[in-house]
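Below is one structure, written out as structure tokens, with a few remarks after it.
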Amino acid sequence: MSLEIVLITGMSGSGKSVALHALEDAGYYCVDNLPPELLSAFVELEHGRHSNKVAIAMDARSAGGLPHLPGQLERLQRQGVVPHLVFLDATTGTLVRRFSETRRRHPLSQGPVAEGRRALVQDIETERELLGDLREKSHVIDTSHLRSSQLQSYIKELIAAPVGQMTLVFQSFGFKHGLPSDSDYVFDVRMLPNPHYEPQLRPLTGMDAPVAEFLRQQPGVDQMRRDIQQFLESWLDMMASNHRSYVTVAIGCTGGQHRSVFLVEELARHFAPRWPTLCRHRSLDSRPTLKPADLLAHDV
């Protein structure tokens, strides 16, 4: 029986505990804070004992063992085990707010629990530097504006994607909510006609037929779709040959409700027959974002 491994890493306070809970609900045997140097030995030991699906969380608490991780991953690949690598991130400002609101100590902190902002920012930036190489090898999810249910949904979508084949992730967003840091390519479509100014279309989204019909009739919309499509078609094969597991393409309009959503749906529909494809609409759900206490419960 083949073994499925999901390796969750990322910044402290970014939501690794939420991700592990989602994987546990999906039937994974979960282990938090495994020393990186024990990864291949642990996988070999656990093979067939608990489950054929294992999720492991690693972060800066195991900073001393991180240099061993590339070798451990290569050893797993030689054994025919290719893990999903997922890196959870958030902006420094978001992480500072989460730690400050919960009054928890950052794992790299040498000071008191309620350390000053300057010291906390320094700890976060040190952690970001420590994990930089690992981030480059992983699929990145920016949790800065996500609710816990959104993050859980993203994780479950990722584990359903085939390992060893590049997956395209198309995501819409609104520039007024900030630029998503987990994107490989970002396209700005704010110059296109905006359905927001049509009263009957304002409450709808780019997934609704009246909005789609409106946009298909507007000058420049189809040209934008074809330009993005042509760019990706020109380079996707080369990206895949470079052993990329995921490519995240973000399309942004002002609010992330109409134009970007429509184009994401159109592009995903076009590429889905050839590539595993995921869709995300970051700005559509305006409900509260992840609570700091939920995010930090097991991250520090």
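A Cβ is built for glycine as well, from the same backbone N, Cα and C atoms used for every other residue.
DSSP assigns Lys16 (ATP binding site) to a helical segment in the three-state reduction. Cβ contacts within 10 Å of Lys16 (ATP binding site), excluding its own Cβ and spanning all protein chains shown: 28. Annotated ATP binding site per Swiss-Prot: Gly10, Met11, Ser12, Gly13, Ser14, Gly15, Lys16, Ser17, in sequence order.
For Asp59, Ala60, Arg61, Ser62, the entry in Swiss-Prot reads GTP binding site.
Between Arg61 (GTP binding site) and Gly15 (ATP binding site), the C-alpha separation comes to 15 Å.
For the binding-site residues Gly13, Ser17, Ala60, counting C-beta atoms within 10 A of each C-beta gives the highest total at Gly13. Mapped onto three states, the DSSP output places Gly10 (ATP binding site) in strand.
Summary: among the binding-site residues (Asp59, Arg61), the fewest other C-beta atoms within 10 A of the C-beta are counted at Arg61. Cβ neighbours within 10 Å of Ser14 (ATP binding site), excluding its own Cβ and spanning all shown chains: 29.
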